[in-house]
Structure formats: structure tokens, C-alpha cells
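First comes the structure, then the notes that go with it.
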Amino acid sequence: MASWAALSSSIVEYFQGEDFYRCGYCKNESGSRSNGMWAHTMTVQDYQDLIDRGWRRSGKYVYKPVMNQTCCPQYTIRCRPLQFQPSKSHKKVLKKMLKFLAKGEISRGNCEDEPMEPTMEDAVAGDVALINKLDIQCDLKTLSDDLKESLKSEERKKGKSSKKAESNELIQSQNIEAKLGSGEPSHSLGVLTVPKPGKGADLSKPPCRKAKEIRKERKRLKLMQQNPAGELQGFQSQGEPRSLFPPKARSNQPKSLEDLIFESLPENASHKLEVRLVPVSFEDPEFKSSFSQSFSLYVKYQMAIHQDPPDECGKTEFTRFLCSSPLEAENPPNGPDCGYGSFHQQYWLDGKIIAVGVIDILPYCVSSVYLYYDPDYSFLSLGVYSALREIAFTRQLHEKTSQLSYYYMGFYIHSCPKMKYKGHYRPSDLLCPETYVWVPIEQCLPSLENSKYCRFNQDPEAVDEGRSKEPDRLQVFHKKAILPYGVYKKQRRDPSEEASVLQYASLVGQACAERMLLFRS
């Protein structure tokens with residue numbers, strides 16, 4: 001794991017223009033449009049800033065939909081876990097899991113169908129063909145050799161001028177060489193399934209209460225009026241546990257998410273569920289030892305749920321899509337105990353893996369990447385259950401790392417009915433595609449009903465505050481050297497290249513343009 005003081009610089013290779021793909025949502029053969037780049041290596045802070053500008057990674061391929069032109073606009077959505085309260089349907093899923101673990105009860109009849117994401121191939125809608133060519137286009141060996149020479153050169157300069165060495169970003173990239181060429185791009189979008197839209201409780205309204213509960217409440221109030229000093233006696237004679245009605249003010253607050261998830265089980269429980277967080281690294285012994293079982297589960301899921309043929313869900317595809325990440329593992333002293341980076345959250349039931357949630361832990365959020373599970377356990381609504389566990393996990397990380405307080409669910413696609421379920425995890429926000437500010441989803445939905453593409457920021461004068469203002473300060477990695485774009489373009493004098501670089505700068509923003517290294521051959 002890289003130390004906080006010796007972080008690598010992000011190295012990316014941008015692909016000029018806008019790619020046209022088959023849309024995995026509306027099935028338009030060439031309606032999906034996006035910009036993309038290959039991330040050879042990337043810091044968690046850079047990726048955090050990129051997803052806050054509408055980018056999303058698919059393995060090592062990082063892409064950004066062209067929102068005002070693509071057929072199904074994909075809005076980045078985040079949930080606010082600190083204010084999250086599970087809905088009635090969420091509670092049903094959690095109680096169903098507890099009953100299964102405690103008594104082995106299987107309530108298949110009450111299991112609502114869960115909407116599903118498209119396959120990983122559809123999720124980035126057609127970029128597979130592009131990805132298959134990237135090894136050649138990126139020229140990984142040349143890039144790695146260039147870095148090696150550049151690093152050696154920088155070490156020699158370091159002895160002569162410590163001031164220059166401190167100002168050179170490449171000094172922080174000594175671990176990059178081993179990272180390059182080691183992985184390929186993958187397809188993955190967050191899969192957080194919930195009951196069908198319309199069936200879940202409306203979180204904007206108070207929780208529903210049963211008539212029996214209302215009658216009990218009335219009786220309790222009546223007893224309080226008759227006997228204020230012994231307000232609990234009437235109820236306790238009926239067998240109600242005393243803890244439900246603490247002295248003085250009875251709390252009518254609903255159970256917290258953690259109360260519902262971690263409710264104690266009997267000693268003779270039928271099943272045992274354990275959730276393990278494993279770093280995505282073949283150097284990690286736990287990841288390595290569970291790889292075969294995790295891969296087998298992935299194949300079973302893809303073939304059963306997405307009807308993928310066997311040749312499309314092999315070990316190579318699995319590794320590219322879900323085990324290859326550009327994110328550098330970082331473990332700063334003020335960060336979470338597990339550190340930042342890419343992880344597999346494995347759900348072990350009675351000693352075997354039944355689900356795996358692929359997540360990125362970033363400075364300000366937990367970002368859901370993908371979920372695959374054993375179809376034999378579909379009755380447990382594992383899509384919903386894993387999403388609720390990830391929300392609870394975010395809250396847990398927040399206790400030590402206060403700035404880590406959001407749960408990113410990937411893209412919200414209002415024009416695709418089966419993709420609107422992400423809006424049921426509230427409170428949540430959508431990212432304005434023009435000014436990159438977060439807007440509560442309730443304020444966005446009326447506009448989305450009228451138009452697929454919307455600017456959510458209602459201030460007509462507002463602009464993108466993080467936009468590229470000084471493109472000449474963009475950092476370029478070219479011929480074993482790192483230099484500002486202003487210097488690079490004077491040396492190259494190639495007007496045709498300028499459009500591509502300026503497009504890249506406008507999409508990643510000024511901060512990332514100055515930190516990340518844009519590889520130019």
C-alpha cells in the first residue's frame with residue numbers, strides 16, 4: 001500500500017472526439033455518446049473530483065456521457081447516508097434476512113421482483129470494441145519505459161536541486177512503473193436493486209402506522225392520564241417488553257438502519273452471515289484465496305441473470321471488469337482504517353460466498369461499482385440488502401473520517417423506468433450536468449418529467465466554478481518529461497492536437513488538469 005507521503009500521480013490517455021455506442025438502456029444502435037480516457041493509474045482524490053464532474057470508471061476505462069446528446073442521459077446520483085431512513089420496503093428486506101438467518105424461513109411468495117442493471121457490456125454501452133484496441137493504442141510498454149527513464153532522470157536532478165525536485169510532480173510517481181500495463185479496462189456500473197418503482201414507501205411522507213399500533217398508542221395515553229405515576233403497568237400486564245416504553249417520554253422514533261441490520265440472533269440460529277471487506281489486489285492473500293470462488297459466483301450470476309454465454313464471462317473478462325482498477329491504494333493517518341481504494345465486499349453465508357459488492361472507497365464517499373450474487377438466493381433480495389449494508393458501511397466509515405459522508409450509486413436514468421429505482425434511496429441528490437453542483441432529487445424530478453436532459457441549477461447566472469481557465473497549466477507527459485501544456489504546444493506546433501487537449505481540459509476541470517499527467521505519444 002502506497003504511503004501518504006509518496007503518492008503516485010494519475011496518468012491518463014485521452015481519446016479525442018465523442019464515441020457512438022449501442023445504448024444498453026433503450027437499445028438504440030448508435031444513440032449512446034460519451035467521452036473516454038484510459039487511466040493507467042489514478043489517485044483516489046483525482047477520481048473523487050472526476051466523479052463529481054460526471055465521470056465514471058469501468059475498470060481502467062473512465063468515461064463521461066455527453067449529456068445533452070446521448071439518448072439516455074445518465075445523471076450521477078448520491079445518497080446522504082447520515083440522514084437516511086429505511087423505507088417500509090427496505091425494512092421488509094432486512095427483516096426477511098433476519099428471519100432466514102434465525103430460523104431458515106424462506107418467504108419466496110413475498111419476494112418482489114427486483115429491477116436489474118444491464119449487463120456490464122451494456123452499462124458502458126458498446127465501448128468493448130474500443131477497449132479491445134486500447135493495448136495497442138496506449139502503447140503500454142513504451143509508456144512504461146518512458147516513465148522508467150524519466151524517473152531515473154528525476155532522481156539525478158533531485159541530488160542537484162532539492163527545490164526543483166519538490167516542485168516536480170513526477171517525484172511522487174516512483175511506484176507507477178509496476179502499475180502500468182498490468183490491467184485492462186472493464187465494464188461495471190453500480191447495481192443496487194430495489195422493489196419496483198411505486199411499490200416502496202414515499203420517504204417524503206411520515207411512516208405508515210398500522211391500526212393496531214394506533215389503538216395501542218391511544219390506550220397508552222389514556223392510561224397515562226389515569227395513572228401518570230405508573231404509566232407502564234397496563235401495558236406490561238399484556239406482555240409488552242418494558243424497553244419499548246422507557247420512563248417519562250416514550251420514544252416513537254423508528255429503528256435505525258443499524259438496529260435493523262445488526263439485530264441479535266438466537267444462539268441456535270440456522271445460518272451465519274459474515275461480510276468481509278477485501279482489497280482488490282492479487283497481492284492480498286484473502287483476495288487471492290477467494291478469487292476462484294468469487295469468479296465462479298460471477299459466472300453463475302452473469303449466465304442466470306443476464307443470460308450471458310459462457311465465452312463472454314470468462315476469467316479474463318471477470319479480471320478486466322471487476323478486479324482491475326486504476327486506483328492507487330492509500331492509507332493516510334486521517335483516513336478510514338481500511339484505507340482508500342477498490343474493494344470487494346464479500347457476503348459469506350455458512351462458509352461460502354453468496355454475493356460480492358464491488359466498491360471504491362474515496363475521500364468523500366463510498367462509490368458502488370457492481371454487484372453479483374448467487375441466483376439461488378434471489379429470495380433474499382440481495383440487491384436491496386447489499387445497498388443498505390453499503391449505506392450502513394458508509395456511516396461506519398464516517399465515524400472516523402468525518403468528510404466521508406456520501407454513498408454514490410452510479411448513474412440515475414430517469415428516461416429508463418427500470419433504472420429509476422435509485423431515486424428511492426433518500427435523501428439523495430443529482431449532479432447538475434452544467435454547473436456540477438448537487439441538487440436534491442425532489443427538485444429535479446419535475447424537470448425530468450418534461451425533458452430527458454435538464455440543467456438542475458436554477459440560477460441562470462451560475463457557471464462551472466471548476467472549469468478549465470488556464471489550459472496552458474495542464475500537465476503533459478511526453479518523451480520522458482513532464483511539462484506544462486503551454487511549453488509542450490510551442491515545441492509541437494500541431495494545431496490539430498490542440499482541440500483534443502482543450503476538450504480534455506474542459507471535461508476534467510482545472511484542478512485535475514493541473515494534477516493529472518496527460519500522456520502524449
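Cβ coordinates come from backbone N, Cα and C, glycine included.
Keep in mind that TrEMBL annotations are predicted by a computer and have not been checked by a curator.
Keep in mind that this is a model prediction, so the values were computed, not measured.
Annotation source TrEMBL lists domain 'N-end aminoacyl transferase N-terminal' at 22-92. Regional average pLDDT for the domain 'N-end aminoacyl transferase N-terminal' (22-92) in the model is 95.
Residues or ranges marked as compositional bias 'Basic and acidic residues' in TrEMBL: 150-167.
Taken from TrEMBL, the feature region 'Disordered' covers 150-211 (among others).
The annotation compositional bias 'Polar residues' is assigned in TrEMBL to 226-240.
The region 'Disordered' annotation in TrEMBL covers 226-252 (among others).
Per TrEMBL, domain 'N-end rule aminoacyl transferase C-terminal' is recorded for 294-432.
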Taking DSSP H, G, I as helix and E, B as strand, the domain 'N-end rule aminoacyl transferase C-terminal' (294-432) contains 56 helix, 42 strand, 41 coil
DSSP composition of the domain 'N-end aminoacyl transferase N-terminal' (22-92), residue counts helix/strand/coil, works out to 16 helix, 24 strand, 31 coil
